[in-house]
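Pulled these from Swiss-Prot:
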- Gly38, Glu39, Asn40, Gly41, Ala42, Gly43, Lys44, Ser45: ATP binding site (BINDING)
- 6-242: domain 'ABC transporter 1' (DOMAIN)
- 250-495: domain 'ABC transporter 2' (DOMAIN)
Amino acid sequence: MTQAILELNGIEKAFPGVKALDGACLNVYPGKVMALMGENGAGKSTLMKSLTGIYAMDAGEIRYEGKAVNFNGPKHSQESGISIIHQELNLIPELTIAENIFLGREKTNAFGGIKWSEMYKDADALLKRLNVKHHSRQLLGELSLGEQQMVEIAKALSFKSKVIIMDEPTDALTDTETESLFKVINELRDEGCGIVYISHRLKEIFEICDDITVLRDGKFIGERVVADIDEDTLIEMMVGRRLDEQYPRIDVQHGEKSLELFDVSGPGVHNVSFSLDRGEILGISGLMGAGRTELMKIIYGALPMTCGAIKLNNKMINPISPRDGLANGIAYISEDRKGDGLVLGLSVKENMSICSLDQLSKGIQLDHHAEVTAVEDFIRLFNIKTPTRDQIIGNLSGGNQQKVAIAKGLMTRPKVLILDEPTRGVDVGAKKEIYQLINQFKAEGMSIILVSSEMPEVLGMSDRILVMHEGRISGEFMAKDADQEKLLACAVGKTVEQNVEVTA
């Protein structure tokens, strides 16, 4: 068997109240893609931070190119040939693409001046390799989130590293961008680069990876060859049990209409009409840029409605701010939980109650007892894994952060719950828990809009599905009559025969 270029053996790391790593192991082989799998909180990110010197490990050994090493920080590991593409962007919007790629490593002449033309040329070559249709002189802030992620990847490639760690690299990418990334990964593999690929998207793991390492509760569970394992076995290794049904949809008798839109238009949205019943899950499908998030923000009041009308519980509303949306009984859980949904420097309690302070106050005084009681109730209900309600939320796993974001919306006691990519970056075990919670809200008569780029999720959880294309509704289906081919056809603007049951 090929000798590993990078070996992590018996790594241990503890934080107050929790042992994050307990004998974790990982081998990275030259010319191979190693998937690093595990539920949120399994220790994947902690292991990578221990490798690159962000965290000092408590025990264990790291060997790189056959020698024991102990990196004292990301700069040290990067200079040694190990690059990491973080899930959170580490870029500056006010700088150009080229400046971001070569920040701190600018090419200079004998007099200390920057060789701009050479730097732009090298940056353009990296962008071309990733099929990014922008010039490196363009400001980064003008790019979409997915395009910025491609710049982050270009930055990692610029180091010409021997090992590249990719943490959820396709999380914000379109299908086309993902294809471009996979093409580059295959090229890097052929060049002998060792790649660590961290993702919750099982389809990607089986498509692009050679081997799989699984962590659970900070422990090393096993290393397998991708060709020798199936999804069910992999999931069982990750969660320690078999998941009987991935999408536990329930049938609930729908109530009267709760939300109606009439020819609503706004930024990126054109003449959209639909209705939503109580006890119904309405799925919204479509490609990135189709206007799904923009439509949700118009309903919530985060974007302006330029024409049309919205009726909530038979009353016309015109939300012009998120405060209006909350006052009307609409809760919106953003697709960007770290940018819009949560304040990472605040505690679990503060994040969960931040939108419900009016309901939790007596006059002008916050009722701290009521706040603590409500927060503790949701921590138990959602099975949120946190040492205490006062834990800084940025220290929680992605799945637990997402549960807090959903709980924050539910504490406002909404009539309509909008979930925009609720399971993005969430592991299979936490997904199942979120689906069960969604079903519980549905059974209680709540109206739910589920926006998701994962077609199996939309098909598996929704009662009815709308498809958007270029800001318009391009298709409507009862979930039982839909499939991925129909949704994708509508998503790209093709005409598809649609079967929709009309409710009175």
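Glycine residues also receive a Cβ, built from the backbone N, Cα and C atoms like all the rest.
Keep in mind it's a predicted model, so treat the numbers as computed, not measured.
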For the domain 'ABC transporter 2' (250-495), what's the mean pLDDT in this predicted model?
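Summing pLDDT over the domain 'ABC transporter 2' (250-495) and dividing by its length gives 90.
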Where does Ser45 (ATP binding site) sit in the DSSP three-state scheme?
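Assignment for Ser45 (ATP binding site) reads helix.
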Cβ within 8 Å of the ATP site's Cβ centroid: which residues qualify beyond Gly38, Glu39, Asn40, Gly41, Ala42, Gly43, Lys44, Ser45?
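The surrounding set, listed in chain order, is Thr46, Leu215, Ser397, Asp427.
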Test of understanding: give the count of other CB atoms lying within 10 angstroms of the CB of Ser45 (ATP binding site).
22
State the three-class DSSP label for Asn40 (ATP binding site), counting H, G and I as helix, E and B as strand, and everything else as coil.
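Assignment for Asn40 (ATP binding site) reads coil.
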